[in-house]
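Notes to accompany the following structure.
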Amino acid sequence: MPGSPRTAPSWALLLRLLALLRPPGLGEACSCAPAHPQQHVCHSAVVIRAKISSEKVVPASADPADTQKMLRYEIKQIKMFKGFEKVKDVQYIYTPFDSSLCGVKLEANSQKQYLLTGQVLSDGKVFIHLCNYIEPWEDLSLVQRESLNHHYHLNCGCQITTCYTVPCIISAPNECLWTDWLLEQKLYGYQAQHYVCMKLVDGTCRWYQGYPPLKKEFVDIIQP
């Protein structure tokens with residue numbers, strides 16, 4: 001996955017790509033590669049905090065032969081963390097209607113706020129799916145909320161590798177090992193909620209823990 005996001009093509013083409021990438025035998029399932037919240041922010045074109053005002057099913061393209069549908073969410077943008085150079089104010093976001101294509105179901109007409117990460121299509125529309133990092137705002141830790149402003153963006157040069165089994169070994173000096181799945185059998189555990197992979201002056205990366213101001217405490221990279 002590239003370190004900086006590229007503008008996506010069209011949403012109709014993106015839907016077709018999602019269908020082609022769906023693993024065989026998972027006809028009604030969405031499959032995503034795991035990624036730490038920091039990676040999601042670094043690889044997304046847009047990161048915003050928003051409330052969902054309404055939803056509507058719309059055609060995926062103007063082509064009458066195209067039967068694909070999209071869900072269009074009207075949102076109230078509360079804050080933008082990333083994407084200023086691509087979109088000024090996001091009014092609508094789009095997601096596949098078909099859950100097997102990783103469509104996202106959000107609560108509309110409620111007080112719930114979301115952190116939304118996604119891409120900007122060639123026509124300027126903001127596109128999200130289940131492989132993006134989409135979480136209720138209230139579920140984010142204080143460290144995650146603060147890191148959205150600075151620390152995630154400033155450390156996109158670091159590489160985060162998911163550990164599934166032991167041994168799990170660092171292969172590059174700018175690498176941090178993500179062990180939530182190994183230690184807690186879930187992706188977004190304590191490490192994802194409370195640590196940032198930060199680059200040091202010598203170019204190496206280490207896990208850094210804290211809430212603003214960040215604690216000057218580097219932790220054991222194998223057992224955070």
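From the backbone N, Cα and C atoms, a Cβ is placed for every residue, glycine too.
Per TrEMBL, Zn(2+) binding site is recorded for C30. Residues or ranges marked as disulfide bond in TrEMBL: C30-C102, C32-C131, C42-C156, C158-C205, C163-C168, C176-C197. TrEMBL lists 30-156 with the feature domain 'NTR'. Annotation source TrEMBL lists signal peptide at 1-27.
The recorded positions near C205 (disulfide bond), taking a 10 angstroms Cα-Cα threshold over the set C30, C102, C131, C163, C176, C197, are C176, C197. On a Cα basis, C102 (disulfide bond) lies 7 Å away from C131 (disulfide bond). With DSSP states grouped into helix (H, G, I), strand (E, B) and coil, the domain 'NTR' (30-156) comes out at 23 helix, 46 strand, 58 coil. Remark: of the disulfide-bonded residues C32, C168, C197, the most isolated position is C32 (fewest other Cβ atoms within 10 Å of its Cβ). Considering only the disulfide-bonded residues C42, C102, C156, C158, C163, the residue whose Cα is spatially closest to the Cα of C32 (disulfide bond) is C102. Other C-beta atoms found within 10 angstroms of the C-beta of C158 (disulfide bond) number 26, with every protein chain shown included.
Measuring Cα to Cα from C102 (disulfide bond), the recorded positions that fall within 10 Å are C30, out of C30, C42, C168, C176, C197. Of all the recorded positions listed here (C30, C42, C163), C42 has the Cα closest to the Cα of C197 (disulfide bond).
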